[in-house]
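Report on one structure; see the data block that follows.
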Amino acid sequence: MGEILTAAQMRAKENKAIQGGFAHGLTLMERAGQGVVDATFRVIGEARDGFMSAVVLCGPGNNGGDGFVIARVLHEMGWQVQVYLYGDAGRLPPDARTMYDRWVAIGPVSPIKDAVSGQGDRPVLLFDAMFGIGINRPIPAVCAQAFEAICTRATGPECFVVAVDCPSGMDVDTGAVLVGPDGANTLLERTDLCVTFHAPKLGHYLTEVGRQRPAVVDIGLRPEDEVVTQLVGPCGGPAKEWLQSVTALGAGGHKYDRGHVLVLGGGVGKGGAARMAARSALRVGAGLVTLTVPPEAIPENAAQLNAIMLRPLDGADALREMLADKRLSSVCLGPGLGVGDRTRALVLAALEETAQDGRRVVLDADALGSFAEDPQALFEACHAGVVITPHEGEFARLFPDLAERTRHSDPAATGLGKVESTCRAAERLGATVLLKGEATVLADPEGRSMIHAALYDRAAPWLGTAGAGDVLAGLIAGLSAGEQARTHAPIDLAGAAAWLHVECARQFGPGLIAEDLPEQLPAVFRNLGF
Ligand SMILES: NC(=O)C1=CN([C@@H]2O[C@H](COP(=O)(O)OP(=O)(O)OC[C@H]3O[C@@H](n4cnc5c(N)ncnc54)[C@H](O)[C@@H]3O)[C@@H](O)[C@H]2O)[C@@H](O)CC1
Ligand SMILES: [K+]
């Protein structure tokens, strides 16, 4: 899994390298600027004769410093480069000032307001080096206007927009674009490629910044030595190797080694969600799956199930008795269970029975909805083996204060990014939280956090379909049941489930309905080389 940083972590890393004497700020900036140019040409290919024009928009901080390096590197390659600066050159920070001086020995710098008229030809390349990780308020209107005016100049080729570190105005911790009262910021939507340094930042995987994943330039900083957020996935290596340890599939062995999942289902006519969860648990590798439902719902379920076993369940006491059998190695509650007292009692019974031995419990949908009036009761009962899988609405009902502060558009000092609020929720709960979305965020009470982004080359918008969440809950329960699960933290299993969920959707393609997801798993595993 790859590592992703907050702005503060990136700054700390740079400061440590510079103060520790491992790197000079100017060297880092030189590598950053050169790296942006290299990454750009890797994507667009070599320049076409006669169309070698670029514009670099530089800001008042070190992001602007990168811009002056970019301008110089392009000039040395024979490009015609126009450079615009927002702010006063006399107030640039020292490294950026040095890079400015090196550029002005080569070519002119115009004030950014000169670009607002839209005169001149559109350049082939437009570099946004106005603001990077140092932005703390919306970008000045003149910067947004100059950018837009260049993109919409009347003549010239379509320009390819490169965001240096991030589209200016993006808060890299939350992925939110800071927009002032005086205008729009079109930088995010117009960005073709974002090139960042050392490691992606959270915002790059909470929001799409460009038409493909951001390019990451190695500027010579050391790898992470502290806990940082991880990006779920095989991260360059073969997916099979990564999944082999997390799933029970590599193990072979007896069905009992692959665990026994208990899924609780709802009443008559409400059984589809739990059946999909159960089927997903079985397909993803659990050895056995039992669905347990109110006695009156047995005939309906019996008519639908074959490989999945079926047992009647009267209520919470009966569930306690059932869970006294420790061979039931993970439990999934919520899909189609119904909101209300019965579900509350079932959840509390399951949590109590599993608290001592750390058996894994997945709580989704109605299992969470049943605690909307009294989240504290859920917090008190949860233990480290639990994974909750709320969507944003369910999250807001359990953690109203955190949700309020996470509203995407709120860049105020009290705002929280999705990652930070999920971490706080996990801490409060004492259990793992998987907050669903295009960018799914996971956090556990040990302080680990992950993002699983269904963005860029892993976008699967058709996954937003009824019942997809029930499948995800079943996948997590299925991965949590086997012997192998004992050596993995719940967050790692939940992350792998989220990855497989999206992989199924991507391999199936548009037209997908939730039932297709577990049926796609065999092809997914086969294509991965299992
Ligand atoms: N030596 C280093 O520290 C390196 C820094 N790098 C670059 O430096 C960037 C961070 O540099 P900085 O910390 O200087 O921050 P930025 O260049 O992102 O911008 C901060 C500057 O803009 C001002 N500012 C913020 N919001 C503003 C607004 N709305 N209106 C007007 N001014 C505003 C701040 O007061 C500050 O002067 C990174 O994103 C990266 O591009 C890279 O060159 C790698 C090496
Ligand atoms: K930028």
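Each Cβ is built from the backbone N, Cα and C atoms, and glycine gets one as well.
Just so you know, TrEMBL annotations never went through curation; they're auto-generated.
Annotation comment: TrEMBL describes 10-227 as domain 'YjeF N-terminal'. Taken from TrEMBL, the feature (6S)-NADPHX binding site applies to 62-66, 132-138, D165, A273, G336, H391, D470. What TrEMBL lists as K(+) binding site is N63, D128, S168. Look at TrEMBL and you will find 238-528 tagged as domain 'YjeF C-terminal'. Here TrEMBL flags K436, G437, E438, A439, T440, G469 as AMP binding site.
Overlay of TrEMBL annotations on the structure.
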residue	record	DSSP class
N62	(6S)-NADPHX binding site	helix
I133	(6S)-NADPHX binding site	coil
S168	K(+) binding site	coil
H391	(6S)-NADPHX binding site	coil
K436	AMP binding site	coil
G469	AMP binding site	helix
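Here the binding-site residues are D128, D165, E438, and the one whose Cβ sees the fewest other Cβ atoms within 10 Å is E438. You'll find the Cα of G65 ((6S)-NADPHX binding site) roughly 45 Å from the Cα of G469 (AMP binding site). Neighbouring residues of the recorded K(+) site, listed in sequence order and excluding N63, D128, S168, comprise L57, G59, G67, A129, M130, F131, G132, A163, V164, D165, C166, P167, G169, L187 (Cβ within 8 Å of the Cβ centroid). For the domain 'YjeF N-terminal' (10-227), the predicted model reports an average pLDDT of 93.
Excluding K436, G437, E438, A439, T440, G469 themselves, the residues of that chain whose CB lies within 8 A of the CB mean position for the AMP site are, in sequence, H391, L435, V441, H452, A454, A498. Every protein chain shown contributes to the tally, and the Cβ of N62 ((6S)-NADPHX binding site) ends up with 24 other Cβ atoms within 10 Å. Fewest other C-beta atoms within 10 Å: among the binding-site residues I133, A439, that description fits A439. Using I133 ((6S)-NADPHX binding site) as the reference Cα, a 10 A cut-off selects N63, S168 from the binding-site residues N63, S168, K436, E438, T440, G469.
Close to ligand 2, meaning a Cβ under 6 Å from one of its atoms, are these of the binding-site residues G65, D128, I133, G437, G469: D128. Ranking the binding-site residues N63, N136, S168, T440 by how many Cβ atoms sit within 10 Å of each one's Cβ puts S168 at the top. With all protein chains in the displayed structure included, the most crowded Cβ environment within 10 Å among the binding-site residues G65, G437, G469 is that of G65. Counting in whole angstrom, N136 ((6S)-NADPHX binding site) lies 11 from S168 (K(+) binding site) by their C-alpha atoms. Largest Cα to Cα distance within the recorded AMP binders K436, G437, E438, A439, T440, G469: about 14 Å as a whole number. With a CB cut-off of under 6 A applied against ligand 1, the binding-site residues N63, D128, G469 are reduced to N63.
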